[in-house]
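Undergrad: This is the structure I want to talk about, given as structure tokens.
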């Protein structure tokens, strides 16, 4: 006999936890099914552990450069096992809020096993049958590897394996220069590994504005990362206990790189294999489940949230979608999922943050596009902190409408939110300029970039002539002899 639920949530990552907790707090009867541990990729294999390593790598970097701040340190020695122990402590502490006990205390029935659809409104879990008025699929995604000859035989790591290392590799080959590859390249280089980054793209973070990517490329090179741009991994062999990768460029040039380990960071795929989607009439599309604007799948009572939708593989988007799917699954009035203003950050040092269109995209899609920049080298707080690499770049359309914001620099992940809010609420760039910002803070970089909008608008040749005429006329009225220009 099946147990009736208002909502069955499949997947205990961010989207699933938000959905289950929210539904239970509203008084719904909720089942939460997770085949591994509650918390998902973000807690155990993604955001939390990698950002912990980013911090340790940054500390090592600062210690090595402490004399620039007038502090003698004697150099930095990375105790890699201690770094990984700290990472585990951080995971344990952050995971306290995601425990099964907490969710059971909220009134959620937690099942730590695999779920499988038998019908759109019926799931089987470890011998139990769950009758679902509505369901949310939030099973996330998993790393994939490109088809490279000899890669499987040689062995490789994904982000999961990299976070399980107990000994620092002497050398590492990283395939892929997206956010995961770029972060790990800098982390391991700063820990002391010799890092070769192999990428089919000419710049790291190929989805970002090229101006931003070029700055990050220079940073990675300065950290000692060897960046092989425009090369595709072709084959791998093991030679004298070392992994040797041959990569080829579009022009046919080959390069060989060697490493104790290979880390593949070249893509992710939806985790949907054993869910019995066909029994529920749920279809896949592209890199995720097929969903409409309400996050409803092709089964009318089943919704999806998080990476499984294939839209934006970010934890904050998963949280947003989880809330949206929860509302639509429980109530008759549906809310559209709005993905027009989605920010994200890559946590290299300096950080890279972005929202909206790149300059190239904006010029292709809009008229009257203007770009306003502010290098951190002109921001006093960045100067005092010795962190002047990078810039703020704001892309606008007609009448100062913000179309995109791009930041590479210190604390970019926090600074981007002012631009996010402006875009969300249709606040023009001029308002960022006229808003008082605390001095001295990094947030003034946003304001200084926006100042350039008024500078261009007011201080052009035409306005200078008008202002000159105005002041001249006023002096005449005040009885002051006008200045005579010297020739």
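Every residue, even glycine, has its Cβ placed from backbone N, Cα and C.
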Undergrad: Given that TrEMBL annotates 176, 177, 178, 179, 180, 181, 182, 183 as binding NAD(+), state which candidate in 267, 273, 276 belongs to that site as well.
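TA: For the NAD(+) site that includes 176, 177, 178, 179, 180, 181, 182, 183, TrEMBL also lists 267.
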Undergrad: Starting from the FAD binding annotation in TrEMBL that includes 51, 139, 140, 141, which of 292, 307, 338 is the extra site residue?
TA: 307
Undergrad: List the residues in the vicinity of the NAD(+) site, defined as same-chain residues other than 176, 177, 178, 179, 180, 181, 182, 183, 267 with C-beta within 8 angstroms of the site's C-beta centre.
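TA: Sorted by sequence, the hits are 174, 184, 204, 205, 265, 266.
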Undergrad: Might you list, by sequence position, any residue in that chain lying six or more from residue 47 (disulfide bond) with a Cβ less than 8 Å away from its Cβ?
TA: 315
Undergrad: Rounded to an integer, what is the Cα-Cα distance in Å between residue 141 (FAD binding site) and residue 178 (NAD(+) binding site)?
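TA: With distance taken Cα to Cα, residue 178 (NAD(+) binding site) is 16 Å from residue 141 (FAD binding site).
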Undergrad: For residue 180 (NAD(+) binding site), which of the recorded positions 42, 139, 140 has the nearest Cα in space?
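TA: Minimum Cα distance from residue 180 (NAD(+) binding site) across 42, 139, 140 lands on 42.
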Undergrad: Tell me, by DSSP, whether residue 141 (FAD binding site) is helix, strand or coil?
TA: strand
Undergrad: Name the one residue among 42, 176, 178, 182 whose Cα is closest in three-dimensional space to that of residue 51 (FAD binding site); these are the recorded positions.
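TA: Ranked by Cα distance from residue 51 (FAD binding site), first place goes to 42.
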